[in-house]
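Copied over from TrEMBL:
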- His440: active site, proton acceptor (ACT_SITE)
- Lys51, Asp307: FAD binding site (BINDING)
- Gly175, Gly176, Ser177, Tyr178, Ile179, Gly180, Leu181, Glu182, Glu198, Gly266: NAD(+) binding site (BINDING)
- Cys42-Cys47: disulfide bond (DISULFID)
- 6-318: domain 'FAD/NAD(P)-binding' (DOMAIN)
- 345-449: domain 'Pyridine nucleotide-disulphide oxidoreductase dimerisation' (DOMAIN)
Amino acid sequence: MTMKFDAIVIGSGQAGTPLVFKLAGEGMKVAFIEKEHLGGTCLNVGCTPTKTYVASARRMYDALNGEALGVFIPKGAKVDLLKVKERKDKLIQKSVDGIAKGLDSEKNITFYKGEAKFVSSKTITINGKTLEADKIFINVGARPLIPEPFQGLDYLTNQSILELDKLPEHLAIIGGSYIGLEFGQMFRRFGSQVTIVEKADRIISREDEDVSAEIQKVMEKEGVEFRLEAECIGAKKDKDGSFRVKVDCEKGEPEFHASHLLLAVGRIPNTDLLNLEATGVEVNKKGYIQVNDELETNIPGIYALGDCNGKGAFTHTSYNDFEIVSTNLFENGKRKLSDRILTYALFVDPPLGRAGISLKDAKEKGLNVLVGYKKMEEVARAREKGETDGFMRVIVDAESNKILGATVLGVGGDEIISGILNVMYADAPYTVIRDSVQVHPTVSELIPTLLEDLE
Ligand SMILES: Cc1cc2nc3c(=O)[nH]c(=O)nc-3n(C[C@H](O)[C@H](O)[C@H](O)COP(=O)(O)OP(=O)(O)OC[C@H]3O[C@@H](n4cnc5c(N)ncnc54)[C@H](O)[C@@H]3O)c2cc1C
Ligand SMILES: NC(=O)c1ccc[n+]([C@@H]2O[C@H](COP(=O)([O-])OP(=O)(O)OC[C@H]3O[C@@H](n4cnc5c(N)ncnc54)[C@H](O)[C@@H]3O)[C@@H](O)[C@H]2O)c1
């Protein structure tokens, strides 16, 4: 028998979860399907646990680096990974329980635990049942990419590394991008030896070259080893249980030993699990579902939100997808994907805050831009804190005076970037910040000064 609903939401990610409550609140009967964790990647195996670990790692760093500020902390500080994990598990559980309680008390939502598959553009199957709805919202997220040479090995992913209760002696991380760098710095701070293997000639090669160089410098100072221009082509387990990691490289050893191996070589969308062929929904070569400016696919009534549409890869972009769909469906709104300005942070320490285009993007597009740049060393508050690594850069359109992009790599960079982003959303000229008065002493106070000196 087919069960009829007004809407079906597949995946309890950062868009699906708020959407299901909104749909139900509007009086629709909704089926909500999740195959693994309630709350999705961000809450269970992404942002929340990693930023919880980053906080513990920072405490450890402070305990070991007091002397420069005249604070002598007796030796012996150590990390108990089990306790770090328990703290993380508790934080997650509280949020998961909150979602579960919300579901229990909403009579319009029927929750199904299991993997949904399409039968047609209006029907899906779940645990042997068939559900039908005129509106179907796909929010299935992404999973770690596991290249062929690593299949069958007991490697770690962003999920399993967060289940360890003992510190790895030597953690080899394959991939020097967002996931690799955040885990790399935190495990080094916890006390592991860390080697990051990256096939490109620099880490986070989507960023400007000076960003890659500065983050590498900071992490090397803390003892993280980098193998650049080194493609990991596989690994073997030795009898003692350690890994022999093989790299294709011109410089350095083609093999090294590590106790643990973390794969952080990219993510793939979970769209291959959905039997989308039954619907005619278009996906691109990488498996991302193609959507229009309002997140609808080529099949009317089917929407794709979050990482699986390839339009963003962050929690805030996924949540914004929810806002677009929700406003347009229920509030007569006209919100569009194309109104969104790119922004994100990389939570290494000091953090990288980014908004809009990079200098590399500006050059590639041949844009006529003015650039303001200051090193963190020039910021009084950064000197007072003893945290002078990094720099800030703001890119301005030479004709319109509008801000096109910004990079704040330095203490507070993840928060400071919002001030610049807000002016970009206001579509105001850079002179608004240049002529503003900021609190002294803050890192933000140098941004008006930086904007006085555009080149
Ligand atoms: C280690 C790590 C750290 C991160 N840190 C940050 C950060 O600091 N800031 C940030 O903005 N972003 C961060 N991200 C990215 C962020 O987690 C994702 O962008 C965000 O979770 C995207 O959410 P989503 O809505 O696309 O779906 P997800 O949160 O991925 O949820 C999708 C859900 O769908 C379920 N599902 C899949 N297929 C099916 C199916 N067929 N049937 C039923 N259910 C299904 C999955 O089990 C999953 O629970 C991080 C990611 C990782 C991996
Ligand atoms: N702070 C944040 O917002 C945050 C944090 C973590 C993750 N994320 C999300 O996670 C995703 C990034 O995932 P990621 O870091 O795994 O992937 P990525 O795609 O960003 O980078 C993969 C890296 O691995 C390298 N690589 C690939 N194969 C290799 C090989 N065989 N040997 C050596 N290097 C190899 C690539 O050159 C690349 O630098 C993004 O979607 C991002 O949005 C976000």
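Cβ atoms are placed via backbone N, Cα and C, with glycine included.
Since the structure is predicted, the reported quantities are computational estimates derived from the model, not experimental observations.
Feature annotations (TrEMBL) mapped to structure.
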residue: Cys42; record: disulfide bond; DSSP (3 states): helix
residue: Cys47; record: disulfide bond; DSSP (3 states): helix
residue: Gly175; record: NAD(+) binding site; DSSP (3 states): coil
residue: Leu181; record: NAD(+) binding site; DSSP (3 states): helix
residue: Glu198; record: NAD(+) binding site; DSSP (3 states): coil
residue: Asp307; record: FAD binding site; DSSP (3 states): helix
residue: His440; record: active site, proton acceptor; DSSP (3 states): coil
Candidates Cys42, Lys51, Ser177, Ile179, Leu181 (recorded positions) with CB under 6 Å from ligand 2, in sequence order, are Ser177, Ile179
Whose Cβ lies within 8 Å of the mean position of the Cβ atoms of Gly175, Gly176, Ser177, Tyr178, Ile179, Gly180, Leu181, Glu182, Glu198, Gly266, the NAD(+) site, other than those residues?
Ile173, Gly184, Ile196, Ile203, Ile204, Ala264, Val265
Reported as an integer number of Å, what is the Cα distance between the residue listed as 'active site, proton acceptor' and Ile179 (NAD(+) binding site)?
34
Which of these recorded positions (Gly175, Ser177, Leu181, Glu198, His440) have a C-beta closer than 6 Å to some atom of ligand 1?
none
Would you mind checking how many other C-beta atoms are within 10 angstroms of the C-beta on Gly175 (NAD(+) binding site)?
24
Measure from the Cα of Cys42 (disulfide bond) to the Cα of every one of the binding-site residues Gly175, Ile179, Leu181, Glu198, then give the nearest.
Ile179
Judged by other C-beta atoms within 10 Å of its C-beta, the most isolated of the recorded positions Cys42, Cys47, Ile179, Leu181 is Cys47
Determine how many residues of the domain 'Pyridine nucleotide-disulphide oxidoreductase dimerisation' (345-449) DSSP places in helix, in strand and in coil.
37 helix, 30 strand, 38 coil
As a test of reading the model: what is the averaged pLDDT for the domain 'FAD/NAD(P)-binding' (6-318)?
97
